[in-house]
Each structure stands twice: as structure tokens, then as C-alpha cells.
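Peer 1: So Swiss-Prot has the following annotated:
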{"type": "SIGNAL", "residues": "1-22", "note": "signal peptide"}
{"type": "DOMAIN", "residues": "39-171", "note": "domain 'SCP'"}
{"type": "CARBOHYD", "residues": "Asn119", "note": "N-linked glycosylation site"}
{"type": "LIPID", "residues": "Gly221", "note": "GPI-anchor amidated glycine"}
Amino acid sequence: MALKNKFSCLWILGLCLVATTSSKIPSITDPHFIDNCIEAHNEWRGKVNPPAADMKYMIWDKGLAKMAKAWANQCKFEHNDCLDKSYKCYAAFEYVGENIWLGGIKSFTPRHAITAWYNETQFYDFDSLSCSRVCGHYTQLVWANSFYVGCAVAMCPNLGGASTAIFVCNYGPAGNFANMPPYVRGESCSLCSKEEKCVKNLCRTPQLIIPNQNPFLKPTGRAPQQTAFNPFSLGFLLLRIF
């Protein structure tokens, strides 16, 4: 009886531990999580140096978020194998971009991970369009025409320990084309269209239609050819096919 009670207590303790850990993982439908992801992306997109003339305001896409969640749940510290296949990842986009962050759940916030990607700006030379170190996360983050995003978090103890989390963001249309700048250098918003408004140095279209609600949208892209890697995050790089 004592042994049975002991196992019952251990089972309850284990259940509590799982529940405690799971409660820290935000849902892809959590408005607070969504706002944090969008705000951090747009804050850094609006602060690029040199300034961007055509940087678009980024908005949330449910389909990209579902894609990010499905891949995060795989707990693989590598890129989704659908990224180099036309319309394979998500029907709304021919190709999708991807950034991945890995770290402890206690230190995780969307802003923390996204800022880590942005900090790669120090390794990017805008004039030569080259990186002195890994900077693919930065260039995807500030790719002017990648203005749909969906992100997700999952616990992945197999990747480092019980508190290890993986954070995945997917972008549409995909960015990171070789020998192309992520945006047009110039006065902020100077290349916004007539339909767009300048919001915090970003070109924002009022009442923008989200791709997964628009079955007629046919965005285009190029086949991805290269993957960037560092110990803490991954950035998906694309090479333009000539």
C-alpha cells in the first residue's frame, strides 16, 4: 500500500511539473503573444540603419503561425524541409522564410529572440551586401517585402534540457535573395504606395487582407539554396537563380 501511494504521489508530481512547464508556452492564438511578436518585428524594421524607403509594416498570419507551430513541435534544430519546394509549405506563398531561436524558457520572450536576430546587423555590410558572420536572421527580419509573419514556441528537452524551448517564425513572401539588399535605402516611407500610410517609418496598408483568407493570392519567390547556422538560432537564406 505504501509503495502504491508512493507511485501515486510521483505520478501527481510529474503531472504537476508537466502542467507547470506547459503553462509557460504561449498559444499561437494568444493575443498577447501575437502582439509581442508583431511589435518586436515592426519596432526593429522601423529602426534599420541606413533607413528604408520601402519597409512594409508586418502583420500576423494564422497559416504561417500554424506552420511554425507544427515545425516547432518536431523539436528539430534545423529548418523545415519544405522550404525549398514551390508552394509546399503553405499554399498562399510560393516560398516561405524561416528564423529559429533555441534557449531556456525562463529567459524567453518574443522580443528577446527577435532582438537577438536583429543584433546580427553588426555583421551585415549594406554596401557590399555581405556578412562577416552569420546575419541571415537579420536580413530576413528586415526584408522589406516579407510582411506576413507567424511564430510559435514549443518545449524541446531533447535539444538541451528540461527547460529548453524552440521559437520559430515563418515569413511570407520569403526573403534573403542573394546579391539583393533587404530593402531600398532612402528616406523612411518615401517609396510607400498611395494606398499605404507611414506608421513608425513603415509602409502600412489599411485593412490588409491576410493571405490565408484570400485564396486568389499568388505571391512569387525563388528556390532557397542555402541555410545559415549558429549555436543559438537559424536563419534561412535564399540564393537567386539566374
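Yeah, the Cβs are placed from backbone N, Cα and C, and that goes for glycine too.
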Peer 1: Taking only same-chain residues 6+ apart in sequence, whose CB is under 8 Å from that of the residue listed as 'N-linked glycosylation site', what do you get?
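Peer 2: Correct list: Tyr138.
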Peer 1: What average pLDDT does the predicted model assign to the domain 'SCP' (39-171)?
Peer 2: 97
Peer 1: How does the domain 'SCP' (39-171) divide up by DSSP, counting helix, then strand, then coil residues?
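Peer 2: When I sort the residues of the domain 'SCP' (39-171) into the three classes, I find 44 helix, 34 strand, 55 coil.
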